[in-house]
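**Student:** I'd like to ask some things about the structure below.
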C-alpha cells in the first residue's frame with residue numbers, strides 16, 4: 001500500500017505528458033509487459049488487483065519471469081526499468097519452453113554429451129551416454145528430448161563385477177517388529193530382502209561385496225530389543241550397520257551404537273527425540289521425523305480457522321516429544337492447546353475427560369493397537385460425528401480399525417462408525433510421480449512386486465506404507481558403502497577390515513551417508529543435518545470406510561496443494577469449540593406493562609387522595625386526623641409506586657451506561673417512599689400510644705398533642721434514610737453486575753450453547769448495606785405492629801383515624817416482612833422477583849390509600865359534614881346537640897373543673913378530720929372514757945342534704961367516662 005501511494009503520481013499522469021517518447025515508454029516509468037505464453041510475471045510488492053489497476057512501473061523497478069509446470073524461462077529471467085523508460089535486454093525475448101528431466105544430464109560412473117541445445121535440455125536436444133573404464137552401459141546409449149519427455153529410459157553404468165563366488169560378505173543387523181505396537185516388520189522385512197537382491201545384482205554398486213541380513217523380531221519392545229542387540233553385537237559375524245524399526249527400539253539401539261562405532265539406519269522411526277545429534281551421533285533414518293507432521297497440522301488448523309485444539313497421547317518418548325514440538329508450533333501460530341491428556345495402556349479415563357471438556361478438534365498420537373482401544377472408548381463416549389475432528393498418524397494399516405483385537409469389546413461396525421471422517425497426516429512414502437528410481441523401478445512397479453512377495457493382502461500387512469522407506473534404506477546404505485569402499489577398483493577402504501574399534505571406517509561411512517542424494521521409490525532421498533529424511537506430507541481423510549487423498553503439503557516451501565475432495569459429516573468443518581452465545585434474561589414485558597398500569601393507577605389514586613385531603617383540610621373531621629401526615633403518606637405511596645418503573649427497567653430498555661442511574665433511582669424512590677408513607681403512619685401510632693394510653697398511672701401526660709412533634713418524628717425517620725442512602729451512594733455506589741447461569745444446549749444447533757445472564761444492581765458490600773437497611777426497617781415494622789395492637793382500644797378525637805392507621809400498618813408490615821426475604825431468594829428469577837416486589841409495593845400502597853382516605857370521603861359525602869370550625873360554632877342549638885365533637889369537648893372541660901373541685905374538697909375533709917382527732921385527744925385527757933353508746937361514734941345530728949359538689953362515686957365515675 002505504501003508503494004502504491006509513492007507511485008500514485010506516476011500512475012495517474014496522462015500518457016502523453018513529458019515530451020515525445022517511444023510508444024512503450026515514458027520518461028517517468030516503463031509500461032507493463034505482457035507475460036510469455038505458459039508463464040507469468042512476478043511483480044514484487046504488488047498484488048494481482050493492484051497490477052490490474054496500473055499501466056506503468058517506476059524507474060529501477062524489477063520484474064521476474066516465471067513459468068508453469070515443467071517449463072523454464074529461456075532468455076532474461078529478470079528485467080529492470082531504465083531511466084529512459086525501457087526495460088533491460090529487450091532485444092532478447094523471454095520464453096517459457098518445455099524441458100526434459102535434468103537427471104539425464106548426469107550419469108554416475110560415466111559421462112553425458114548434450115547436442116542440439118544448451119542447458120536445460122529443450123525440445124530437440126540429444127544426449128549420448130558413455131561409461132567409465134571397468135563399467136559397461138546398461139540401456140540405450142542415446143535419448144532425444146521431445147515435448148518434455150526423453151525418448152528412452154535413462155541407462156546406468158554397471159561395474160564389471162567380480163564373480164559371485166569371490167565377493168566378500170558385509171553383514172547388516174536388523175530388528176523387525178513383526179508384532180507389538182507397530183508391526184511394521186511384516187512388510188518392511190520383505191522390502192529389505194527385495195532391496196538386497198536388487199543391490200547384490202548390480203555390477204556398479206559394491207562389486208566386490210555382498211550384503212547379507214541377520215534379523216530378529218523386536219516386537220516393538222525395548223526390553224526384547226536389548227536382548228537381540230546383545231546377540232547381534234557379541235555373536236559373529238561383525239555387523240557393519242544396525243537397522244531398527246520402532247522409535248522406542250531405535251532410541252535404545254542408537255544411544256548404545258556409538259560405543260561400538262556403529263552407524264544406525266532406521267526405516268520406521270519417527271520420534272523427534274532421535275534428531276538430537278549429541279545424544280545419537282551416528283543415527284540416520286529414511287522415515288522423516290514425526291515433527292514433519294506438525295507443520296501440516298498447523299497449516300490445516302489455520303485453513304479451517306481452528307484456534308483451540310486438544311490432544312491425547314500414548315506415554316512414550318516419540319509421542320511426548322512430538323507433542324512438545326506441536327505445542328511450540330501452535331503457540332507461534334496463535335493456536336491454543338486447551339486440554340492435554342495422556343495414557344499408558346488404558347485410554348478410557350482420558351477419553352472421558354476429553355468429552356467432559358467439550359474437546360472438538362483432537363490430535364491423537366499413539367500406536368495402532370492403542371488406536372483401536374482409543375476409538376472403542378470414543379464410540380462409547382460418542383466422541384465422534386459432525387461435531388468432532390480427529391487427527392491421527394497416517395502410517396497405520398489402511399484397515400487398522402477392522403482388524404480383530406481381543407483387547408477391545410467393540411464390533412467392526414462400531415469402530416467404522418467411530419473413525420469415520422478423521423484426518424491423517426502421513427509422510428509421502430511412495431513417489432507420486434511415475435518416474436524411475438535408482439533401482440530402475442517406478443514406485444508403482446515396486447508396489448506390484450512387493451504385493452506379489454507378501455503372503456497376505458497389503459491392507460492387512462503392518463508396515464506396508466513404510467515398505468518403500470525400508471527399500472530405500474538399503475539403497476542408501478549400499479551407496480554409502482560403495483562410496484566408502486571406492487566403488488570398485490578406485491581408492492577406498494576395505495569394508496572387511498571393519499570392526500567395532502575401527503572408528504575411521506565408521507567416520508567414512510557417516511560422511512557418505514550424510515551426503516546421500518538419490519531418487520528412490522519413496523521419492524528423493526536426502527538427509528538433513530540431524531540425519532532425518534526430508535519429504536512431503538500427504539493429507540488423507542477416511543471417507544466411507546476408506547482413505548481418500550485430499551492434499552499435499554511441502555513444509556520447506558509452505559506450499560499446500562489442495563484437491564478439494566474433503567467431506568464433512570455436517571456439510572462443513574465443525575467449530576473448534578462450542579460457540580457460547582451470551583443472552584440476557586429480560587423481564588417479561590407483559591408483566592412489566594401490567595404492573596406499570598397498576599402503579600400508574602395507584603399514583604392517580606394517591607394524587608386524588610392528596611387533593612381531597614388538601615381541599616378539605618378546613619373540615620374539623622379532617623383536621624382531627626392530622627391531614628399533613630396523611631398528605632405525607634399519600635406522597636410516600638406515590639414515590640413507592642413510582643419505584644416500580646425503574647424496578648422493571650433492564651437491558652431491554654436501557655444501555656449499560658444508564659444502568660447505575662436506574663439502580664440509584666430504585667433505591668432512592670423506594671427508600672424515601674417507605675420513609676414518608678410508613679413513617680407518617682408510624683408517627684401517628686407512636687404518639688397515640690405515648691399520649692393516650694396508661695392514663696391511670698400517668699395522668700400528668702394527658703396534654704394537648706402538639707403537631708410539631710409529629711412532623712419532627714417524620715423528619716427524623718426521613719433524615720435517617722437520606723443519611724444512610726447518601727453514605728451508601730458515596731462510599732459504595734450501586735452498579736451493574738452480571739449473574740451467569742449454567743449453559744443451555746439448544747436442540748437445533750449442535751455447535752452453539754446459550755449462556756444466560758441476568759443484570760443486577762449491586763455493590764461491593766451489598767449484603768452489609770442490605771443488613772443495615774433491612775435491620776432498622778424491620779425493627780420499625782415490628783414496632784409498628786406492636787403499637788397498633790396496643791392502641792387498638794384507644795378512643796381519641798385528636799387523631800381520629802389511628803385505628804385505620806393501625807390496620808394499614810398491619811398490612812404494610814406483613815407484606816414487607818414476607819416480600820423482602822422472598823425477593824432475595826428469587827433474585828435469580830427476574831419475573832418472580834419483580835412480581836413479588838412490585839405487587840407488594842402496589843398492594844401495600846393501595847391498601848394504605850384506601851384504608852386512610854376512602855372512609856373520610858365516604859363520611860363527608862354521606863353525612864354532609866363539610867363545615868369548618870367557625871361555621872360549626874354559629875349553628876343553632878339543635879345543630880350543636882347533634883355535634884358530638886362539641887359535646888365531647890365541653891364534657892372534657894367540665895370534667896377537668898370537677899376534678900379540681902374534688903381535689904379541694906378532699907383536702908378540706910382531710911383537714912377537718914385532723915382537727916376532729918385533735919379535739920378527741922384533748923377531751924379524753926380531761927374526762928375519763930365512758931362506754932360507748934350502742935350506736936357508737938359521735939352523736940348523730942340531723943342529716944345534711946347532699947351537696948351538689950359531693951364526691952359521689954357514681955358522679956365521679958360518670959365524669960371520667
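Glycine is treated like the rest: Cβ placed from N, Cα and C.
Not measured: the values here are computed from a predicted model.
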**Student:** Going by what Swiss-Prot says, which of 160, 440 is noted as N-linked glycosylation site?
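**Tutor:** My reading of Swiss-Prot gives 440.
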**Student:** Among 287, 457, find me the residue Swiss-Prot lists at the same 4-aminobutanoate site as 247, 270, 367, 466.
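**Tutor:** As annotated by Swiss-Prot, 247, 270, 367, 466 share the 4-aminobutanoate site with 287, chosen from 287, 457.
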**Student:** By the record in Swiss-Prot, which of 502, 631 is the one labelled N-linked glycosylation site?
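**Tutor:** Out of 502, 631, Swiss-Prot attaches the N-linked glycosylation site annotation to 502.
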**Student:** In Swiss-Prot, is the topological domain of residue 581 the same as that of residue 801, meaning both on one side of the membrane?
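**Tutor:** Topo match: no.
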**Student:** Provide, as an integer number of angstrom, the distance between the C-alpha atoms of residue 246 (disulfide bond) and residue 100 (disulfide bond).
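**Tutor:** Pair distance, Cα basis, whole Å: 40 Å.
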**Student:** Give me the count of other Cβ atoms within 10 A of the Cβ belonging to residue 376 (disulfide bond).
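**Tutor:** For residue 376 (disulfide bond), the count of other Cβ atoms within 10 Å is 22.
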**Student:** Between residue 270 (4-aminobutanoate binding site) and residue 157 (disulfide bond), how many Å separate their Cα atoms?
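**Tutor:** A Cα-Cα distance of 35 Å.
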**Student:** Rounding to the nearest whole angstrom, report the longest C-alpha distance spanning 247, 270, 287, 367, 466, listed for baclofen.
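**Tutor:** Between the most distant Cα atoms of the baclofen site, 16 Å.
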**Student:** For the transmembrane segment (711-731), I need the partner stretch with the highest count of C-beta pairs below 8 angstroms, choosing only from 632-652, 769-789, 834-854.
**Tutor:** 769-789
**Student:** What does DSSP assign residue 246 (disulfide bond), in three states?
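**Tutor:** Note: residue 246 (disulfide bond) is coil by DSSP, not helix or strand.
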**Student:** Count, for each of 668-688, 769-789, 805-825, 834-854, the Cβ pairs lying under 8 Å from the transmembrane segment (632-652), and report the range with the highest count.
**Tutor:** 668-688
**Student:** Between 0 and 100, where does the mean pLDDT of the domain 'Sushi 1' (30-96) sit?
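**Tutor:** The average pLDDT of the model in the domain 'Sushi 1' (30-96) works out to 83.
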